[in-house]
Amino acid sequence: MDALEITQKLISYPTITPKECGIFEYIKSLFPHFKTLECGENGVKNLFLYRIFNPPKDHAEEKHAKENVKPLHFSFAGHIDVVPPGDHWQNDPFKPVIKEGFLYGRGAQDMKGGVGAFLSASLNFNPKTPFLLSILLTSDEEGPGIFGTKLMLEKLKEKDLLPHMAIVAEPTCEKVLGDSIKIGRRGSINGKLILKGIQGHAAYPKKCQNPIDTLASVLPLISGVNLDDGDEYFDPSKLVITNLHAGLGANNVTPASVEIIFNARHSLKTTKESLKEYLEKVLKDLPHTLELESSSSPFITASHSKLTSVLKENILKTCRTTPLLNTKGGTSDARFFSAHGIEVVEFGVINDRIHAIDERVSLKELELLEKVFLGVLEDLSEK
């Protein structure tokens, strides 16, 4: 089966987060020779398929175990859940349609197209040397992600089945297939700042202490400020205000406090501790409370790593494009792999219609992506 046929089938399952809708039974049916592990909580389902190709002969297994020599374990990872489709689609979002060289349907780009490509590549892979290939899928990436990939990796660690390397098939490309590989992601820190004042009558400002005036005095040092200068792969860390709230809604009462909600997407150069230190310095002598919570940590895979190099070579060979290595965008499940010391990168189709009405992926992209993934498998098994 090719990537197109598999992707069409995947799209037909209405797997809105965290629903799995039986899609894992279909995927398992494609891999009868793979072992299976499943886990999940709170309505989330996760699937892990794995197979050791060309395992050591029986007489060598004891020696193999004693030497603690394991074959390279490579994993393809992704999510089968999608965001709600909304209205105004030209066709039923869960009835895939091919039109003018594109496959339409919810999840075509994010990320059933990528999953279809690596499932097809895995089916066509037949190494000549010992090699452990696995596939990790979750129904909770678009949601909280607490019981998805993170949980499955914890289970794999308990069973000594963590992969050495992984590609997460997120839609990373911007204009043409092959123009972008994500070798890391920025971290994310959420914050709430409350500046305190004294409520009073708007006609008697001297008897009040308006916290909005206080905010105005420090706003240039908070809103949109760069927290570091970034580096070759990370943009400068930036603090972005996402919500402001103050007052009772009355036009003659000054507020007792103003609440500022913000987010900081940050590189390895900025931490929750350094952000707190910066803000406390800015807010010195101002009555306030500050809460910070890190929702994800930044990570990066070396640009010269074996996985990155092999992927780049296959993209250039198949797509005739030299990929840009970057860390742009939001968070992804790749961070959970990195937290376990796994060499991980992200690569997939163009992302111009992710989460959009009439989401689509080009048929040519699916064909080329499958070839890239198969080439990666073949090269890793030979090197």
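Glycine residues also receive a Cβ, built from the backbone N, Cα and C atoms like all the rest.
Annotated in Swiss-Prot:
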- H79, D110, E170: Zn(2+) 1 binding site (BINDING)
- D81: active site (ACT_SITE)
- D110, E142, H355: Zn(2+) 2 binding site (BINDING)
- E141: active site, proton acceptor (ACT_SITE)
Problem - Among H79, H355, which are binding-site residues, the residue with the most C-beta atoms within 10 angstroms of its C-beta - result: H79
Fill in the blank from the handout: Around the recorded Zn(2+) 2 site (D110, E142, H355), other residues with Cβ within 8 Å of the Cβ centre, ordered by sequence, are V82, V83, G107, M111, I354
Problem - Neighbouring recorded positions, C-alpha within 10 angstroms of E141 (active site, proton acceptor) - of H79, D81, E170 - result: H79, D81
Exercise for the section: Looking only at C-alpha atoms, tell me how far E142 (Zn(2+) 2 binding site) is from D110 (Zn(2+) 1 binding site), rounded to the nearest Å. Expected result: 10
Handout entry: Least buried by Cβ count (within 10 Å) of the recorded positions D81, D110, E141, E142, E170
Key = E142
Exercise for the section: Taking only the Cα atoms, work out how far H79 (Zn(2+) 1 binding site) lies from H355 (Zn(2+) 2 binding site), in Å, as a whole number. Expected result: 14
Exercise for the section: Rounded to the nearest Å, what's the C-alpha distance separating H355 (Zn(2+) 2 binding site) and D110 (Zn(2+) 1 binding site)? Just drop the number here, would you? Expected result: 7
Handout entry: Rounded Cα-Cα span from the residue listed as 'active site' to E170 (Zn(2+) 1 binding site), Å
Key = 12
Handout entry: Separation of alpha carbons, D81 (active site) and D110 (Zn(2+) 1 binding site) (Å)
Key = 9
Completion exercise
Surrounding the recorded Zn(2+) 1 site, with Cβ no more than 8 Å from the Cβ centroid of H79, D110, E170 and those residues left out, we find G78, M111, G114, E141, E142, V168, A169, P171, S332, G348, I354
Practice task
Return one of helix, strand or coil for H79 (Zn(2+) 1 binding site), based on DSSP.
Solution key: strand
